[in-house]
Amino acid sequence: MSSLLEKKLKTQEIAKDFLIPFSVQGLILGIAGCVLTVPVIYIILKSNLRKLHSDLVMSGILCFNNLIISTSLFFTSIFILCGYNAIVYNDYLCDTQMITMTVPLVINSYIISLISFERCLLIVYNIKLSNLIYIVFTFTLFAIPMAFTFRGLIVDHTIISMTGVYAIASPAMSTKFPILAVYLGLGLISMVVVIASYINILVFRIAHLNQNRQNLNISKEEIFKQKLRIIFKSLLILFLFLFNHSGKLWMLFNDVVLKAPRTLLLDAITENLIIYSTITDVTLLLVMNIEIRKKFWNFFKLKSNE
């Protein structure tokens with residue numbers, strides 16, 4: 001028995017009471033993620049591909065990532081529920097899960113921050129940058145984490161988390177190349193960008209409403225209702241983003257800065273926060289993008305009428 005397999009089996013034994021509950025949850029969230037994501041991908045692909053705007057390209061990559069994450073989570077959970085934890089017994093499947101689930105989960109938070117930044121520039125400052133700029137940034141944010149991950153995999157195989165249900169970078173991978181530090185740095189920037197963007201949008205829209213009330217003589221009650229809608233939408237976006245992406249950041253901060261050993265409790269909490277990304281990331285996209293949201297609901301109405 002190899003030392004890596006022995007280490008994985010010991011980790012799995014510690015987390016044995018969590019495997020089934022996490023796998024059932026992972027199975028449900030994997031299916032839910034696919035159900036939410038596939039229609040959005042269909043809507044984006046049905047658009048005029050020659051005239052795709054940057055927000056659709058960013059949304060498409062985010063949804064593509066989410067579909068891969070949901071599928072990976074689904075099959076990992078199925079294997080565990082069938083009594084075979086594939087990422088424990090097969091090192092290459094463990095590496096594959098790192099590429100198809102763990103890293104895309106991190107990348108999606110970067111893409112959401114870029115979408116938020118684009119919306120802030122357009123709404124608050126009326127600045128529209130070239131589609132090419134956003135597309136280049138999107139592919140860069142996708143390529144950097146993937147490149148560091150592949151470089152790390154040349155050095156060593158991945159290991160499993162304390163909960164035994166997803167792959168993480170091994171000490172050799174993160175020592176040889178600053179994989180976790182890169183994830184953490186980009187994650188912190190993303191969080192600041194999302195928070196700053198939506199606070200700016202919130203302040204601008206409320207100020208714009210106050211100005212409209214004076215110019216168009218709109219009633220106080222109507223202005224109050226519109227303000228509540230704006231505040232609710234902005235806070236909902238921030239809550240959904242922070243709800244699961246803060247879990248990723250805390251885990252990375254714990255590994256890179258505090259250098260504290262992972263505990264089962266910490267890993268269990270962050271695991272719960274992270275896997276909900278399969279539904280929250282697409283929900284965020286639907287809340288942010290009115291056009292996609294309308295087509296999404298029309299898609300289900302059309303299917304129900306057939």
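Cβ coordinates are placed from backbone N, Cα and C, and glycine is handled just like the others.
Residues or ranges marked as transmembrane segment in TrEMBL: 20-45 (among others).
The annotation transmembrane segment is assigned in TrEMBL to 57-87 (among others).
Taken from TrEMBL, the feature transmembrane segment applies to 107-125 (among others).
What TrEMBL records for 132-154 (among others) is transmembrane segment. For the transmembrane segment (132-154), the list of distant contacts is 54-55, 57-58, 61, 95, 98-99, 103, 106-107, 110-111, 114, 118, 169, 173-174, 176-179, 182-183, 186: same-chain residues at least six beyond its ends, Cβ to Cβ under 8 Å.
What TrEMBL lists as transmembrane segment is 180-204 (among others).
Positions annotated as transmembrane segment by TrEMBL: 230-253 (among others).
Below 8 angstroms of C-beta separation, residues 25-26, 29-30, 32-33, 36-37, 40, 43-44, 55-56, 59, 62-63, 66, 69-70, 73, 105, 108, 112, 115-116, 119, 233, 236-237, 240-241, 243-248, 251 of the same chain, each at least six residues beyond the ends of the transmembrane segment (273-292), sit close to that stretch. As annotated by TrEMBL, transmembrane segment applies to 273-292 (among others).
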Non-local residues, at least 6 beyond the ends, that sit with Cβ under 8 Å of the transmembrane segment (230-253):
105-106, 109, 112, 116, 180, 183-184, 187-188, 190-191, 194-195, 198-199, 201-202, 205-206, 209, 262, 266-267, 269-270, 272-274, 276-277, 280, 283-284, 287-288
